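Engineer: One structure follows; several queries about it will come next.
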Amino acid sequence: MSPITHHRGPRRGRAAVLALAAALAVAGVVAPQAAVAAPDPGSPVKVNQVAYVPGVAKVATLVSSSTSPVPWTLRNAGGAVVAEGQTTVRGADALSGDRTHLVDFSAFDTAGSGYVLSAGGSSSLPFDISADPVKKLRYDALAFFYHQRSGIAIESQYVGSTYARAAGHLGVAPNQGDTSVPCRQSCGYSLDVRGGWYDAGDQGKYVVNGGIATWQLQNAYERTLHVAGADRSALADGTMAIPERANGAPDVLDEARWEVEFLLRMQVPAGRTDAGMVHHKIHDENWTGIPTIPAQDSQRRLLSPVSTAATLNMAAVAAQTSRLWKTLDPAFSAKALTAAQTAYAAAKANPNRLASSTDGTGGGAYSDASVTDEFYWAAAELYATTGADTYRSDVTGSSLYRGGSFAQRGYDWGWTGGLGDTTLALVPTALPAADVAATRAAIVAFADSALTRANAQAYPAPNNAGAVYYWGSNGQVANNANALALAFDFTGQAKYRTGVYAALDYFQGRNPLNVSYIAGYGEKAVQNLHHRFWAKQNDASLPIAPPGSFSGGPNSELQDPIAAAQLAGCAAQKCFVDHIEAYSVNEVAINWNSALAWLASWAAEHVGGAPAVDTTPPTVPGTPAASAITDTSVTLTWTASSDPESGVSGYEVVRIAGDSLQILASTTATSVTVTRLAADTAHTFVVRARNNARLYADSQPVTVRTTGGVTPVDTPPTAPGAPVASAVTQTGATLTWTPSSDDNGVAGYDVLRVQGGTPTVVATSTTPSAVLTGLTADTDHTFVVRAKDTAGQVSVVSPTVAFRTLPAVTTPPGGCKVTYSANSWGGGFTGSVTLTNTGSTPWTSWKLAFTFPGDQKVTQGWSAVYSQTGSAVTVTNAAWNGSVPAGGTTTFGFNGSYSGTNTAPTAFTVNGAPCS
């Protein structure tokens, strides 16, 4: 079953809604309406009941009729007041019907759990200040898709025993299966359409909803290939609990492939009528009751007729798939591209095959009266993949080109032009830079309008314009929040990042009903989502929905009997009840979860703030003081470190014995007792502070002798000072340091390389300096120094020094040529660079360097890796374009900001050698 988008007509038409209600009643699944409690609005203090992210605005909403500010307090888990202030009166809020105040406690930013906000005589649900929940949400929202897989057993090793189930719809009785499915209207053939994802609370599979859901999962990964600083590793192989993990491909692409393979199977084979077109959907002949376990569904399965919309959805997604799998699985990439091109040609030959709005028996209709947007989207994906002129002409000739889709509204399953815009704004093509900039500007303008609407609300949710919430409103809010995220990618403006997290606050409890719409997230999270096999409310032997499942949310139109009976007259954001039979407000759907997964992935990537990265270690902890010394233990106590950027996450107590460094304890306190030490032995310890960016700072060492009757006769030298690197070349450097002292005299120093495993001595010296040789060019190196005295005692090692050797000069004879151009607008510009190998030898890698003459800053780049220090810019090849043949070229580009005059750089070097 499926939600409604008001712009394109119902996913489930009115007749289908009434038929479904009747079917559920016949199946005995509709409880008496009087037994359904009206939704509880919860505490007047509405918070994100899961977690506010450190470094981001923290705002709650208080329901109060007071016309004057009221005091608020924030208490920690121990009940202590940690912050307090006065509310801001906001007044009447149309979307909720509440009179409200705002509580802004952003100034308090200490991570922790169990915080409670109190105001107006009421207290909130407890919440955390932590980035961990949104990082977990990224994977829970993605795990929804494995749970929804058709045609495969869902195994306990990936989901736990509660959610494990047998494979559905493989033709094993009582299933009639998806392996040979006939057409609802006779077509003379059957298709094997196994696999894919169950769409929503039912077990239908719909191409036009699978299209956007698959695109969003794949785009979550593709974005990381083209946005500077994006975290590709978070979606890489081994990050998700699915059977395909450890196969060498990013897990998110593996999950998307499960649906792509199904979409390809929905294509009419060659030699048949409508060859190349794609069937709109496949589902049960009649509506099934609740519960219905997939493996126990005895209904006959049927294919609905082909449609232009479904054909173009498949073409778009298959083209996107082809470019993402090109090096991972060339054969699959080629198969997807062939299917995409065949489908696009078939759609152009059949441009008006529209799905019927009355085809709602046994599944949602998903009718769509206009396919201009799907044609644009499919052409954009095919052009981005192939660069072919025919697709370029269709893109540039469309009325939606240059951001036209976003000028009307964002995107959803029935309005997909914005997906094409997003691809063209992210993926490098040969389109004019000005047109790409215009497309990005349209996305930013849409984000501005969504943000303006959200900021005018007591419970900010960037929904579409209007006072009515429609079926699947949460999915639309998530899609619009994704546009805010893209606007941040394109501009770096903090307001868009703030808006993303505010939308997550809304989903997780800062809403009029104080409910978290994400299962498993928050004390008052949804539990009774409309679903055929997560149906605990109707059958106690079955589970509730797994964590990360996303409710459709408020729907002003109240299109099911439960909602109609319980919510009549509701304000838009209050048109919700957590009941399994309230399908018009509380269903799940793959396109809503894909929007949430994309959003959570972006938000998890940006929890530390952007674009700043913490590169400063914490302050050095105090030298540990020893007490309570016994034969086998000692207590060490030290003064705490501090770290204003990412915060101190803990301490490690390290014992040093010669070349060996052994971590004996890890703690968040400033005191620890070390046990199981050898008796009558001198032990040297340092305390190592660690921050949340995993940077370290070591204390001065302390040497302690455990008891046993022997007094030490000598102490080791003090630690050398932190080394300083100078005269760094491609293969060498000079290190200098503050000398050590010792009661018997310092005999010399060892310089040790500390990368990898055991520290290795690379140089010795009798003075506090050493010249290093034989280093590898263009490589990060880390060293420490230790002192030795005349009695053979060895000091604790110094703090580390790290530096990078210069790149080897590998420019071939004949050199290089750089062509630089910039397209400027008010305060911003797009730079395009073409690099030509004018020599006679191929390049295997390249590094371009230049200096801006003004205050230009690179804000976002593509097709290369960018770094900037002051006005100096370094651009390193991407993994796929490092090889440049003699006479060949490579092109890349970036967005930037400037003030005054945007004067172009004039001097360029590649690998240290000048270019013409």
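Indices start at 1 and increase along the chain as displayed.
Glycine residues also receive a Cβ, built from the backbone N, Cα and C atoms like all the rest.
As listed in TrEMBL for this protein:
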{"type": "ACT_SITE", "residues": "ASP578", "note": "active site"}
{"type": "ACT_SITE", "residues": "GLU587", "note": "active site"}
{"type": "DOMAIN", "residues": "620-709", "note": "domain 'Fibronectin type-III'"}
{"type": "DOMAIN", "residues": "719-808", "note": "domain 'Fibronectin type-III'"}
{"type": "DOMAIN", "residues": "809-916", "note": "domain 'CBM2'"}
{"type": "SIGNAL", "residues": "1-37", "note": "signal peptide"}
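A description of the local structural setting of each listed feature is requested, covering burial, neighbours and distances.
Structural biologist: Taking Cβ-Cβ distances under 8 Å and a sequence gap of 6 or more within the same chain, the neighbours of ASP578 (active site) are PRO39, VAL515, VAL526, GLN527, ASN528, SER551, ASN586.
Classification of GLU587 (active site) by DSSP places it within a strand. There are 28 other Cβ atoms within 10 Å of the Cβ belonging to GLU587 (active site).
Per-residue confidence over the domain 'Fibronectin type-III' (719-808) averages out at a pLDDT of 87.
For the domain 'CBM2' (809-916), the number of residues in each DSSP class (helix H, G, I; strand E, B; coil) is 0 helix, 59 strand, 49 coil.
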Engineer: Does DSSP put ASP578 (active site) in a helix, in a strand, or in coil?
Structural biologist: coil
Engineer: For the domain 'Fibronectin type-III' (620-709), DSSP counts of helix, strand and coil?
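Structural biologist: Reading the DSSP string over the domain 'Fibronectin type-III' (620-709) gives 0 helix, 46 strand, 44 coil.
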